[in-house]
Amino acid sequence: MGGCMSTPEAPKKTAETKQVPSTSTSSRPPQASTSATATAAGAGTSAANGTANGIKGDTTATNRVGTSGGQGLAAALASTEPPGAQDSKGNKDRSNQIDRQLEDDQKKFRKECKILLLGSGESGKSTIVKQMKIIHQNGYSKDELLSFRGVIYKNVLDSAQALIMAMRKIGVDPEDANNRSYADRILEYRMDAGLDAVIPSEILYNIESLWHDPVIPSVMDRSSEFYLMDSATYFFANIRKIAGPDYVPDEADVLRARTKTTGISETRFNMGQLSIHMFDVGGQRSERKKWIHCFEAVTSIIFCVALSEYDQVLLEESGQNRMQESLVLFESVINSRWFLRTSVILFLNKIDLFKQKLPKVPLVQYFPEYTGGADINKAAKYILWRFTQTNRARLSVYPHLTQATDTSNIRLVFAAVKETILQNALRDSGIL
(Lines of atoms letter the chains of each structure in order from A and count residues from 1; the text may use other names and numbers.)
(Lines give C-alpha, C1' and ligand atoms only; values in the text may rest on other atoms or scores of the structure.)
Protein backbone atom coordinates (compact mmCIF):
# COMPACT_ATOMS: atom_id res chain seq x y z
CA MET A 1 0.00 0.00 0.00
CA GLY A 2 1.11 3.62 0.30
CA GLY A 3 3.85 5.15 2.43
CA CYS A 4 3.71 4.79 6.20
CA MET A 5 4.20 7.02 9.20
CA SER A 6 3.80 6.76 12.95
CA THR A 7 0.34 7.85 14.05
CA PRO A 8 1.15 8.85 17.67
CA GLU A 9 3.39 11.59 16.25
CA ALA A 10 1.14 11.38 13.23
CA PRO A 11 -0.47 13.61 10.73
CA LYS A 12 -0.01 17.06 12.14
CA LYS A 13 -3.69 17.58 11.54
CA THR A 14 -6.15 14.74 11.47
CA ALA A 15 -8.24 16.41 8.81
CA GLU A 16 -5.21 17.51 6.83
CA THR A 17 -5.77 16.40 3.35
CA LYS A 18 -2.22 15.64 2.41
CA GLN A 19 -2.67 12.06 1.46
CA VAL A 20 -0.17 10.51 3.84
CA PRO A 21 -1.54 7.22 5.11
CA SER A 22 -1.35 6.29 8.75
CA THR A 23 -0.39 2.70 9.59
CA SER A 24 1.05 2.99 13.07
CA THR A 25 0.75 0.16 15.56
CA SER A 26 2.63 1.89 18.38
CA SER A 27 1.25 0.87 21.76
CA ARG A 28 1.94 4.28 23.32
CA PRO A 29 -0.83 6.88 23.37
CA PRO A 30 -0.14 10.24 21.70
CA GLN A 31 1.47 12.89 23.88
CA ALA A 32 -1.15 15.19 25.34
CA SER A 33 0.99 18.24 24.59
CA THR A 34 1.00 17.58 20.87
CA SER A 35 -1.71 19.33 18.85
CA ALA A 36 -1.93 17.04 15.86
CA THR A 37 -5.63 16.98 15.18
CA ALA A 38 -7.43 19.80 13.45
CA THR A 39 -10.50 21.47 14.86
CA ALA A 40 -13.70 21.60 12.85
CA ALA A 41 -12.58 24.85 11.28
CA GLY A 42 -9.24 23.25 10.50
CA ALA A 43 -11.04 20.46 8.73
CA GLY A 44 -12.43 22.89 6.21
CA THR A 45 -9.10 24.68 5.69
CA SER A 46 -7.04 21.55 5.31
CA ALA A 47 -9.66 20.02 3.06
CA ALA A 48 -9.23 23.05 0.83
CA ASN A 49 -5.58 22.08 0.53
CA GLY A 50 -6.79 18.65 -0.47
CA THR A 51 -8.75 20.25 -3.28
CA ALA A 52 -5.51 21.53 -4.72
CA ASN A 53 -3.93 18.16 -4.22
CA GLY A 54 -6.87 16.48 -5.92
CA ILE A 55 -6.55 18.80 -8.90
CA LYS A 56 -2.85 18.14 -8.97
CA GLY A 57 -3.55 14.43 -8.92
CA ASP A 58 -5.87 14.75 -11.91
CA THR A 59 -3.31 16.85 -13.79
CA THR A 60 -0.55 14.38 -13.04
CA ALA A 61 -2.68 11.54 -14.34
CA THR A 62 -3.52 13.41 -17.49
CA ASN A 63 0.10 14.39 -18.03
CA ARG A 64 1.15 10.80 -17.50
CA VAL A 65 -1.08 9.60 -20.34
CA GLY A 66 -0.38 12.60 -22.55
CA THR A 67 3.37 12.57 -21.99
CA SER A 68 3.77 8.89 -22.71
CA GLY A 69 1.87 9.36 -25.94
CA GLY A 70 3.84 12.50 -26.76
CA GLN A 71 7.15 10.72 -26.20
CA GLY A 72 5.98 7.91 -28.46
CA LEU A 73 5.02 10.43 -31.10
CA ALA A 74 8.38 12.20 -30.81
CA ALA A 75 10.20 8.89 -31.13
CA ALA A 76 8.18 8.01 -34.18
CA LEU A 77 8.96 11.35 -35.80
CA ALA A 78 12.64 11.12 -34.88
CA SER A 79 12.92 7.75 -36.57
CA THR A 80 11.24 8.96 -39.72
CA GLU A 81 13.66 9.15 -42.61
CA PRO A 82 13.80 12.16 -44.96
CA PRO A 83 10.88 12.60 -47.35
CA GLY A 84 10.81 10.00 -50.03
CA ALA A 85 12.79 7.44 -48.00
CA GLN A 86 9.64 5.63 -46.86
CA ASP A 87 6.16 5.38 -48.15
CA SER A 88 3.49 7.29 -46.23
CA LYS A 89 1.79 4.04 -45.22
CA GLY A 90 4.46 3.27 -42.59
CA ASN A 91 4.09 6.69 -40.98
CA LYS A 92 0.33 6.32 -40.89
CA ASP A 93 0.59 2.90 -39.25
CA ARG A 94 2.86 4.28 -36.53
CA SER A 95 0.49 7.20 -35.93
CA ASN A 96 -2.48 4.86 -35.66
CA GLN A 97 -0.56 2.69 -33.20
CA ILE A 98 0.14 5.69 -30.98
CA ASP A 99 -3.52 6.76 -31.14
CA ARG A 100 -4.66 3.27 -30.16
CA GLN A 101 -2.27 3.23 -27.19
CA LEU A 102 -3.56 6.59 -25.97
CA GLU A 103 -7.14 5.41 -26.33
CA ASP A 104 -6.39 2.20 -24.43
CA ASP A 105 -4.82 4.20 -21.58
CA GLN A 106 -7.85 6.45 -21.38
CA LYS A 107 -10.19 3.45 -21.26
CA LYS A 108 -8.14 1.95 -18.45
CA PHE A 109 -8.32 5.21 -16.56
CA ARG A 110 -12.10 5.55 -16.87
CA LYS A 111 -12.80 2.64 -14.57
CA GLU A 112 -15.68 2.34 -12.15
CA CYS A 113 -14.64 2.59 -8.51
CA LYS A 114 -16.50 0.91 -5.69
CA ILE A 115 -16.58 2.64 -2.32
CA LEU A 116 -17.98 0.82 0.68
CA LEU A 117 -19.44 2.94 3.49
CA LEU A 118 -19.00 1.17 6.82
CA GLY A 119 -19.46 2.10 10.45
CA SER A 120 -21.71 1.45 13.40
CA GLY A 121 -25.32 2.63 13.51
CA GLU A 122 -25.91 6.40 13.39
CA SER A 123 -22.28 7.21 12.60
CA GLY A 124 -23.25 9.35 9.59
CA LYS A 125 -23.02 6.97 6.63
CA SER A 126 -26.45 7.73 5.18
CA THR A 127 -25.84 11.45 5.66
CA ILE A 128 -22.72 11.14 3.50
CA VAL A 129 -24.84 9.48 0.79
CA LYS A 130 -27.33 12.37 0.96
CA GLN A 131 -24.45 14.81 0.60
CA MET A 132 -23.28 13.02 -2.55
CA LYS A 133 -26.75 13.55 -4.03
CA ILE A 134 -26.62 17.24 -3.13
CA ILE A 135 -23.06 17.75 -4.39
CA HIS A 136 -22.90 15.42 -7.39
CA GLN A 137 -26.53 14.76 -8.45
CA ASN A 138 -28.12 18.23 -8.47
CA GLY A 139 -29.74 17.84 -5.06
CA TYR A 140 -33.36 17.05 -4.19
CA SER A 141 -36.49 17.96 -6.14
CA LYS A 142 -39.51 19.36 -4.28
CA ASP A 143 -41.26 15.98 -4.46
CA GLU A 144 -38.18 14.28 -3.02
CA LEU A 145 -38.00 16.83 -0.21
CA LEU A 146 -41.68 16.28 0.58
CA SER A 147 -41.08 12.53 0.82
CA PHE A 148 -39.00 13.18 3.97
CA ARG A 149 -41.78 15.05 5.78
CA GLY A 150 -43.28 11.94 7.39
CA VAL A 151 -39.81 10.77 8.47
CA ILE A 152 -39.11 14.12 10.13
CA TYR A 153 -42.47 14.12 11.94
CA LYS A 154 -41.66 10.67 13.27
CA ASN A 155 -38.17 11.77 14.33
CA VAL A 156 -39.70 14.68 16.26
CA LEU A 157 -42.32 12.52 18.00
CA ASP A 158 -39.89 9.69 18.80
CA SER A 159 -37.38 12.16 20.23
CA ALA A 160 -40.00 13.90 22.37
CA GLN A 161 -41.30 10.60 23.72
CA ALA A 162 -37.73 9.39 24.42
CA LEU A 163 -37.03 12.61 26.31
CA ILE A 164 -40.17 12.28 28.43
CA MET A 165 -39.44 8.63 29.26
CA ALA A 166 -35.89 9.60 30.22
CA MET A 167 -37.21 12.32 32.51
CA ARG A 168 -39.44 9.82 34.28
CA LYS A 169 -36.63 7.29 34.51
CA ILE A 170 -34.35 9.75 36.31
CA GLY A 171 -37.21 11.11 38.41
CA VAL A 172 -37.60 14.60 36.95
CA ASP A 173 -40.88 16.33 36.07
CA PRO A 174 -41.45 19.52 34.07
CA GLU A 175 -41.60 22.59 36.27
CA ASP A 176 -44.52 24.11 34.35
CA ALA A 177 -47.87 22.46 35.19
CA ASN A 178 -49.04 22.81 31.58
CA ASN A 179 -45.95 20.98 30.37
CA ARG A 180 -46.69 18.12 32.74
CA SER A 181 -50.05 17.58 31.05
CA TYR A 182 -48.45 18.09 27.62
CA ALA A 183 -45.95 15.35 28.44
CA ASP A 184 -48.78 12.89 29.12
CA ARG A 185 -50.48 13.84 25.87
CA ILE A 186 -47.27 13.51 23.82
CA LEU A 187 -46.46 10.14 25.34
CA GLU A 188 -49.93 8.78 24.56
CA TYR A 189 -50.01 10.03 20.96
CA ARG A 190 -49.60 7.41 18.23
CA MET A 191 -48.63 8.51 14.75
CA ASP A 192 -50.16 6.87 11.68
CA ALA A 193 -47.87 4.71 9.58
CA GLY A 194 -46.71 5.77 6.13
CA LEU A 195 -44.70 8.53 4.51
CA ASP A 196 -47.77 10.78 4.27
CA ALA A 197 -48.51 10.65 8.00
CA VAL A 198 -48.66 13.98 9.82
CA ILE A 199 -48.72 15.15 13.42
CA PRO A 200 -51.39 17.64 14.52
CA SER A 201 -49.93 21.09 15.02
CA GLU A 202 -51.29 21.06 18.58
CA ILE A 203 -49.01 18.13 19.47
CA LEU A 204 -46.04 19.84 17.84
CA TYR A 205 -46.67 23.02 19.83
CA ASN A 206 -46.93 20.91 23.00
CA ILE A 207 -43.49 19.51 22.17
CA GLU A 208 -42.13 23.03 21.66
CA SER A 209 -43.49 24.14 25.04
CA LEU A 210 -42.02 21.10 26.79
CA TRP A 211 -38.63 21.67 25.15
CA HIS A 212 -38.50 25.16 26.66
CA ASP A 213 -39.37 24.01 30.18
CA PRO A 214 -36.72 25.19 32.71
CA VAL A 215 -35.90 21.61 33.73
CA ILE A 216 -34.78 20.47 30.26
CA PRO A 217 -31.14 21.74 30.38
CA SER A 218 -30.45 19.67 33.50
CA VAL A 219 -32.01 16.64 31.81
CA MET A 220 -29.86 17.10 28.71
CA ASP A 221 -26.75 17.26 30.90
CA ARG A 222 -27.51 13.61 31.72
CA SER A 223 -28.07 12.59 28.09
CA SER A 224 -25.41 9.88 28.31
CA GLU A 225 -27.85 7.97 30.55
CA PHE A 226 -30.48 7.55 27.84
CA TYR A 227 -30.83 7.31 24.06
CA LEU A 228 -31.75 10.44 22.12
CA MET A 229 -31.03 10.83 18.42
CA ASP A 230 -28.43 13.46 17.55
CA SER A 231 -30.84 15.51 15.45
CA ALA A 232 -33.39 15.88 18.26
CA THR A 233 -32.16 19.28 19.41
CA TYR A 234 -32.10 20.56 15.82
CA PHE A 235 -35.70 19.51 15.18
CA PHE A 236 -36.91 20.83 18.54
CA ALA A 237 -35.29 24.19 17.76
CA ASN A 238 -37.09 24.27 14.38
CA ILE A 239 -40.44 22.99 15.60
CA ARG A 240 -42.41 26.08 14.50
CA LYS A 241 -41.23 25.66 10.92
CA ILE A 242 -42.04 21.94 11.02
CA ALA A 243 -45.50 22.65 12.47
CA GLY A 244 -46.42 24.95 9.58
CA PRO A 245 -49.34 23.79 7.38
CA ASP A 246 -47.29 24.09 4.18
CA TYR A 247 -44.08 22.67 5.59
CA VAL A 248 -41.62 21.47 2.94
CA PRO A 249 -38.34 20.11 4.35
CA ASP A 250 -35.21 21.80 3.11
CA GLU A 251 -31.86 20.09 2.52
CA ALA A 252 -30.69 20.88 6.06
CA ASP A 253 -33.76 19.06 7.42
CA VAL A 254 -33.24 16.11 5.07
CA LEU A 255 -29.60 15.73 6.11
CA ARG A 256 -30.76 15.36 9.72
CA ALA A 257 -33.72 13.09 9.02
CA ARG A 258 -33.02 9.67 10.50
CA THR A 259 -34.19 6.33 9.15
CA LYS A 260 -32.63 2.97 9.86
CA THR A 261 -30.73 1.67 6.84
CA THR A 262 -31.71 -1.90 6.01
CA GLY A 263 -30.06 -3.97 3.35
CA ILE A 264 -27.67 -2.40 0.87
CA SER A 265 -28.27 0.75 -1.16
CA GLU A 266 -26.12 1.91 -4.07
CA THR A 267 -25.50 5.47 -5.20
CA ARG A 268 -23.78 6.24 -8.51
CA PHE A 269 -22.15 9.53 -9.43
CA ASN A 270 -19.10 10.93 -11.22
CA MET A 271 -16.13 12.65 -9.61
CA GLY A 272 -14.04 14.04 -12.45
CA GLN A 273 -12.90 11.10 -14.56
CA LEU A 274 -14.04 8.57 -11.98
CA SER A 275 -17.38 6.78 -11.98
CA ILE A 276 -18.21 6.09 -8.34
CA HIS A 277 -20.43 3.33 -7.02
CA MET A 278 -20.99 4.01 -3.32
CA PHE A 279 -22.57 1.28 -1.21
CA ASP A 280 -24.30 2.17 2.07
CA VAL A 281 -25.03 -0.74 4.37
CA GLY A 282 -26.88 -1.03 7.65
CA GLY A 283 -24.77 -0.22 10.67
CA GLN A 284 -26.81 -2.08 13.25
CA ARG A 285 -25.54 -5.50 14.25
CA SER A 286 -28.41 -7.31 12.56
CA GLU A 287 -27.46 -5.75 9.21
CA ARG A 288 -23.73 -6.52 9.20
CA LYS A 289 -24.05 -10.07 7.94
CA LYS A 290 -25.18 -8.58 4.63
CA TRP A 291 -21.94 -6.65 4.08
CA ILE A 292 -20.09 -9.61 2.63
CA HIS A 293 -21.84 -9.20 -0.72
CA CYS A 294 -20.16 -5.82 -1.25
CA PHE A 295 -16.61 -6.79 -0.38
CA GLU A 296 -15.26 -7.95 -3.73
CA ALA A 297 -13.25 -5.47 -5.85
CA VAL A 298 -13.71 -2.53 -3.49
CA THR A 299 -11.36 0.36 -4.30
CA SER A 300 -11.71 2.15 -0.96
CA ILE A 301 -13.60 1.94 2.31
CA ILE A 302 -14.99 5.01 4.03
CA PHE A 303 -15.37 4.08 7.68
CA CYS A 304 -17.49 6.52 9.70
CA VAL A 305 -17.04 7.03 13.44
CA ALA A 306 -19.17 9.45 15.45
CA LEU A 307 -16.70 11.22 17.76
CA SER A 308 -19.58 12.32 19.98
CA GLU A 309 -20.61 8.73 20.76
CA TYR A 310 -17.87 8.16 23.35
CA ASP A 311 -20.40 8.46 26.19
CA GLN A 312 -23.38 6.85 24.42
CA VAL A 313 -24.81 3.34 24.35
CA LEU A 314 -26.05 1.23 21.46
CA LEU A 315 -29.68 1.47 20.39
CA GLU A 316 -29.90 -2.34 20.30
CA GLU A 317 -27.90 -2.99 23.49
CA SER A 318 -28.05 -0.34 26.18
CA GLY A 319 -25.11 -1.80 28.10
CA GLN A 320 -22.62 -1.48 25.22
CA ASN A 321 -20.64 1.73 24.68
CA ARG A 322 -20.89 2.95 21.08
CA MET A 323 -17.26 3.99 20.73
CA GLN A 324 -16.07 0.60 21.96
CA GLU A 325 -18.43 -1.04 19.47
CA SER A 326 -16.96 1.08 16.66
CA LEU A 327 -13.43 0.09 17.67
CA VAL A 328 -14.34 -3.60 17.55
CA LEU A 329 -16.01 -3.19 14.17
CA PHE A 330 -13.10 -1.20 12.73
CA GLU A 331 -10.65 -3.85 13.90
CA SER A 332 -12.63 -6.61 12.18
CA VAL A 333 -12.85 -4.60 8.95
CA ILE A 334 -9.28 -3.38 8.67
CA ASN A 335 -7.79 -6.80 9.39
CA SER A 336 -10.18 -8.70 7.12
CA ARG A 337 -8.77 -10.82 4.31
CA TRP A 338 -11.22 -9.10 1.97
CA PHE A 339 -9.38 -5.79 2.21
CA LEU A 340 -5.72 -6.65 1.77
CA ARG A 341 -5.33 -4.17 -1.12
CA THR A 342 -7.91 -1.62 -0.01
CA SER A 343 -7.23 1.87 1.35
CA VAL A 344 -9.31 2.94 4.35
CA ILE A 345 -10.59 6.50 4.61
CA LEU A 346 -11.49 7.17 8.24
CA PHE A 347 -14.12 9.85 8.83
CA LEU A 348 -14.02 11.07 12.43
CA ASN A 349 -17.50 12.49 12.15
CA LYS A 350 -19.76 14.77 14.21
CA ILE A 351 -16.88 17.02 15.21
CA ASP A 352 -19.40 19.78 15.97
CA LEU A 353 -21.24 17.68 18.57
CA PHE A 354 -17.94 16.40 19.95
CA LYS A 355 -16.73 19.96 20.50
CA GLN A 356 -19.93 20.84 22.37
CA LYS A 357 -19.89 17.73 24.54
CA LEU A 358 -16.22 17.45 25.53
CA PRO A 359 -16.19 20.26 28.15
CA LYS A 360 -19.34 18.83 29.80
CA VAL A 361 -18.55 15.10 29.63
CA PRO A 362 -14.84 14.36 30.21
CA LEU A 363 -13.40 11.80 27.81
CA VAL A 364 -11.29 10.38 30.65
CA GLN A 365 -14.46 8.99 32.28
CA TYR A 366 -14.72 6.50 29.41
CA PHE A 367 -11.04 6.20 28.43
CA PRO A 368 -8.97 6.41 31.65
CA GLU A 369 -5.73 6.36 29.65
CA TYR A 370 -6.53 9.74 28.08
CA THR A 371 -4.72 12.74 29.63
CA GLY A 372 -5.56 15.66 27.35
CA GLY A 373 -8.47 17.19 29.25
CA ALA A 374 -11.03 19.21 27.27
CA ASP A 375 -8.65 20.08 24.42
CA ILE A 376 -10.53 19.18 21.22
CA ASN A 377 -7.31 18.54 19.26
CA LYS A 378 -5.81 16.23 21.85
CA ALA A 379 -9.08 14.36 22.33
CA ALA A 380 -9.60 13.77 18.61
CA LYS A 381 -5.97 12.73 18.20
CA TYR A 382 -6.33 10.24 21.04
CA ILE A 383 -9.42 8.66 19.48
CA LEU A 384 -7.61 8.44 16.13
CA TRP A 385 -4.73 6.71 17.92
CA ARG A 386 -7.11 4.18 19.45
CA PHE A 387 -8.40 3.27 16.00
CA THR A 388 -5.00 3.01 14.35
CA GLN A 389 -3.84 0.65 17.10
CA THR A 390 -6.16 -1.98 15.67
CA ASN A 391 -4.48 -1.87 12.23
CA ARG A 392 -2.47 -5.10 12.40
CA ALA A 393 -2.72 -5.52 8.63
CA ARG A 394 -0.95 -2.16 8.23
CA LEU A 395 -3.33 -0.90 5.58
CA SER A 396 -3.11 2.71 4.49
CA VAL A 397 -5.48 4.80 6.63
CA TYR A 398 -6.41 8.36 5.62
CA PRO A 399 -8.13 10.23 8.50
CA HIS A 400 -10.39 13.27 8.15
CA LEU A 401 -12.41 15.28 10.65
CA THR A 402 -15.91 15.71 9.28
CA GLN A 403 -19.29 17.24 10.00
CA ALA A 404 -21.55 15.22 7.72
CA THR A 405 -24.48 17.64 8.02
CA ASP A 406 -22.34 20.52 6.70
CA THR A 407 -22.36 20.44 2.89
CA SER A 408 -19.43 22.86 2.53
CA ASN A 409 -17.28 20.73 4.85
CA ILE A 410 -18.09 17.50 3.02
CA ARG A 411 -17.52 19.12 -0.37
CA LEU A 412 -14.01 20.16 0.68
CA VAL A 413 -13.19 16.87 2.38
CA PHE A 414 -14.27 14.90 -0.68
CA ALA A 415 -11.97 16.99 -2.85
CA ALA A 416 -9.17 15.42 -0.81
CA VAL A 417 -10.79 11.98 -0.74
CA LYS A 418 -10.93 12.12 -4.53
CA GLU A 419 -7.14 12.14 -4.67
CA THR A 420 -6.94 8.96 -2.61
CA ILE A 421 -9.52 7.21 -4.78
CA LEU A 422 -7.85 8.51 -7.94
CA GLN A 423 -4.45 7.15 -6.99
CA ASN A 424 -5.95 3.76 -6.15
CA ALA A 425 -7.83 3.70 -9.46
CA LEU A 426 -4.69 4.55 -11.41
CA ARG A 427 -2.71 1.89 -9.57
CA ASP A 428 -5.35 -0.78 -10.07
CA SER A 429 -5.62 0.13 -13.76
CA GLY A 430 -1.89 -0.36 -14.24
CA ILE A 431 -1.30 3.28 -15.22
CA LEU A 432 0.78 3.91 -12.07
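Each residue, glycine too, has its Cβ placed from N, Cα and C.
Between the stretches 225-232, 345-352, 377-384, Swiss-Prot puts its region 'G4 motif' entry on 345-352. The most densely surrounded of the binding-site residues Glu122, Asp230, Asp352, judged by C-beta neighbours within 10 angstroms, is Glu122. Taking each Cβ in turn and tallying the other Cβ atoms within 10 Å, the top scorer among the binding-site residues Ser126, Thr261, Asn349 is Asn349.
Distant neighbours of the region 'G2 motif' (253-261): 121-122, 125-127, 130-131, 140, 145, 148, 151-152, 155, 229-231, 234-235, 238, 242, 280-284, 287, 404-405, 407; these residues of the same chain sit at least 6 beyond its ends, with a Cβ under 8 Å from one of its Cβ atoms. Look at Asn349 (GTP binding site): DSSP puts it in a strand. Every protein chain shown contributes to the tally, and the Cβ of Gly124 (GTP binding site) ends up with 25 other Cβ atoms within 10 Å.
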